[in-house]
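As written in TrEMBL, here are the features:
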COMPBIAS  123-144  compositional bias 'Basic and acidic residues'
COMPBIAS  150-162  compositional bias 'Low complexity'
COMPBIAS  163-187  compositional bias 'Basic and acidic residues'
COMPBIAS  198-211  compositional bias 'Basic and acidic residues'
REGION    123-211  region 'Disordered'
REGION    659-689  region 'Disordered'
REPEAT    36-69  repeat 'TPR'
REPEAT    279-312  repeat 'TPR'
REPEAT    348-381  repeat 'TPR'
REPEAT    382-415  repeat 'TPR'
REPEAT    416-449  repeat 'TPR'
TRANSMEM  878-905  transmembrane segment
Amino acid sequence: MTFLQANKCYLEENYSKAIQLYTKVLKNCNNPKDTINLLLNRGMCYYQLELYKLSIKDFDRSIIHDPNSVMAYLFKGKSLWLSGKQKQAKKYWEIAKELKGPVYLLNKIEKYLTYGLNGEKQLRQKTDKKKGSEETKKEKETKQQKQKQKQSQEQKQNQNQKENQKEKEKQEQKEKEKEKEEKRNVSETKNWNILPKNTEKTQEEKEKEKNYSFEKDPLMLKNNRLAETLATQGLVQDGMGNPEVDKLIALGYLLVNKGFYNKGIVLFNSLIVKYPNLLAVYIGKGTCHAMLQEYQLAVDNFTKAIKINPNSLEAYKRRGQTRSAMGLDKQALSDLTIAFGKSNETDFECSYQRGIILHKLKNYSRAIPDFEFCIKIQPKHIYSWNFLGLSLNGLGETTQAIVCYERALSFNPNFKEALTNLAQINKDLGNYERSLEYFERSLKIDPTYYHAQYLSALNFYASGRHRLAADRLLVALKIEPSNVDALLWRGAALHAIGDFEQSFNCFNQIVLKKPEHIAWYNREMLAYWVKFLDQKIDSFSFDKDLHPQFKEFWCKKMDPKNLKNYNPVFQTINNLIKFKKKSLLTVNLNPIRESNNQLKVYKKILKVAEHLGRLIQINMPGFMKNLRQHRVAGLAMIMMTQKLKRQLLDNLDVNETLKKKEDNENENKNENQNEKEKENENKNENENENKKEFLNWREWYDIGVKWRQVSEPMDPVFWVDLLTEEQFKQGFGSHTPMFTGQCKVVRYYAYFDKAFSIFKELFMKENPELKKQISKSSTLFELYSLKKGDFYVVTPCQKITNKNETMDGTRLTIQFKYPEGLEFSIRTPGTPPRLIEYSRELSSLWESLHALAKKGKDENDRWVESEKILDCIIKITFYWYNFMPLSRGTAAIGYIGLISMLLAFNFEIKRELNMDVQLDWEAILEQDPNVFKKVALKWLNPNLEKSSILEQLPQLDLEITTLRNMIQIMILD
């Protein structure tokens, strides 16, 4: 019966009464279909009363219940349009257009999309014109404008004449009230320190505001009836109980809802003069200031409201929301928690807002209960499902997160944020195709959605599709032209494919705005690449040519202004001009394509390289297939294999040659690590030496390191001992977390249990008095509490040169991570003692490998010592991983080195690693190289076959002779 009464009131245009009746029915409605209709009808009432914020809320709730409601999308669009948000309105009309609905509604939507809300009128004008109307459209518009101007002038003159007399009489009284108000608001103006840039008013606006009288405001007169109804029925929140006063409060709230915040402040100020302890006026005035981004004034008003009534849920809630907007997250959390408590833990808004802040602070475990509560209250609230998914993903619970995003999409298939988050989580898991599918679905809904454009570009980048990444980032930059992240990654993508001029432009734009940004290092590296672009590969070395402090600062992402003894390339305008001239030598493929022979050779090489490169792919969550890295790994393998093979077949005395070389290098390093004159002398000597000179283990691995350095310009890949001497002594090195903050790291969490067990065992050995407590500990937090601070244990690594001795392996580390988490990671320091010890082990094994090769092959063309050779190769790989000599990239170079050594002895691996194995982690978490060998052989034995895959290939170092050649073969399609 009430529903019918509400409909009757609506038809009679008694919208206020209809709203009351619809609200009453909604409270007791359990039927989903009825709920949808009630929300739509109440939303229409709000729409008719021009309460667009409230109408939008109802239409949103209706869409949650029925994502296919054409009417809800249509009227939400109309409400947005009339709120001044025309772009958003059109998006919702576009969605409505795709849905199945009555023809007359779809026709209306077409008109709105074409002409806006004045569509019908404009269509009539067009029709009149076609029928041969005597007046042109321009003449009509001019006439209408003149008529409107004339009418408005006449109205103003009449109104001014009537009001002038009354204004004079009231002017003195108003001045007195203004003085009182200024005295009361002294404390507010002192703290007015957060203001939007566009709040300064013109003289005309100031005059209007000075003479403003809300009693005569047409807007007030129009809403008088509604305010009076709310007041007489006691529906004004925090009202005084006096109908006259409550009516004014209601009018103030209506001004807030319609976006007339300055007028609202004037009204609330007039009430404060008469009723300085009235709670509602401070809440209303504070809300006006908050919406104007005058946050400190808003907080001051909410604080006054709390002093008047310390039990005011609304005052605490609104102050919490305002503090959140100010970035005062801890204070905001405190306010929202108090407000939630005062609601007997039933307030949806408090819980939702608190959850968002906790998520922002990366306190995911505390955010999850808030979003779960919201879903319990509103099971179809898509934003709560989305944030629950984000929070679960923050914990590393990817499967549960995916369920949440999919649940949100079940309620609204066009929810672009959930689609984008599903795309990103699939990217993080390494599922390129699935990720791309979700990104494209999101962008189909909204091509201007920057977040999806940007993240989808990074998906291209992570899969080795740098040209696609650069193009997609250009689209993102058209949406947000000055976005630094998009500029940085576009610059990196262009750098990788040899477009140095455009890459420089991206990095330079960033540096001009933010001189301290990491792009400064990328811009410097461009100059280095251009300088050596057409020089022989052996003539330059990233590690030896670049200043040690430059490398260290880049690795640590430190502010370049603190660099000492380094002369930046782009310090002067002349250098900039010189670079721009050189940068026109952008790498292109025309010379390769124009030479049929060279193109055939390159394609032949690439076919083998891409086949071999796929072997480094780890088939575990988090490892996306990167086409560029596969290609580069294969090229590095070919070059390393061919050089090692030539070396193995040479008849020189390997042991003696290598030993002398190692001794000389260690002597030079101990005398003066950073002496450039000696390095240059050594370099010149090496260039003039016979091509048959043997490479030691480090020089051989460095071939792969150089390919890795060129493959990814964003990665600072360097030998740790060639950073600054100070950093090398302090133990700068690699750092890989398995658990960070509250998150299970997707790539490496598979090794958490094994690492945790080793940690406990070593911890007990170091602290026998805590043995019982340690053995009972089952979590990181329990172990951390025993030490009450950050600490680490060092894993042992058995020597091959003396089996009774061990070296330091890695450091298993537990550290506190803000706000309420821990980090469990491996940290492998590079130090002078480690360099000496691991170099000794690797040199010994390298010599043994060559000595075994000298014994030759049998009559079946098999290596006589093939089993010992395999043992030696695996152990070299074991010590390489435990040494961790690079700032990053050690794992990839380890795989490349292992496969290259096997290929040099005509062994080819036929398939990738097993699903549950990462060879570098198996080595790092193992003390004994023989135990590691067993793990490696489980993969190698079934997949090793005799191979001659490289025999038909030309010598790569004769075909790829310059940095330009390296880039060309990387980007050849």
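Every residue, even glycine, has its Cβ placed from backbone N, Cα and C.
No curator has checked TrEMBL annotations; they are predicted automatically.
Per DSSP, the secondary structure of the repeat 'TPR' (348-381) breaks down as 27 helix, 0 strand, 7 coil.
Within the chain, the transmembrane segment (878-905) has long-range Cβ neighbours (under 8 A, six or more residues past its boundaries) at 551, 555, 612, 615-616, 629, 633, 636-637, 640-641, 644-645, 648, 700-701, 704-705, 708, 715-721, 723, 732-734, 797, 800, 807, 809-810, 828, 830, 834-835, 838, 841-842, 845, 849, 853, 863, 866, 869-870, 918-920, 923-924, 926, 929, 932-933, 940, 944, 947, 949-950.
Confidence in the repeat 'TPR' (36-69), given as mean pLDDT, stands at 85. Within the repeat 'TPR' (382-415), the DSSP-based counts of helix, strand and coil residues read 27 helix, 0 strand, 7 coil. DSSP states for the repeat 'TPR' (279-312), grouped as helix (H, G, I), strand (E, B) and coil, give 27 helix, 0 strand, 7 coil.
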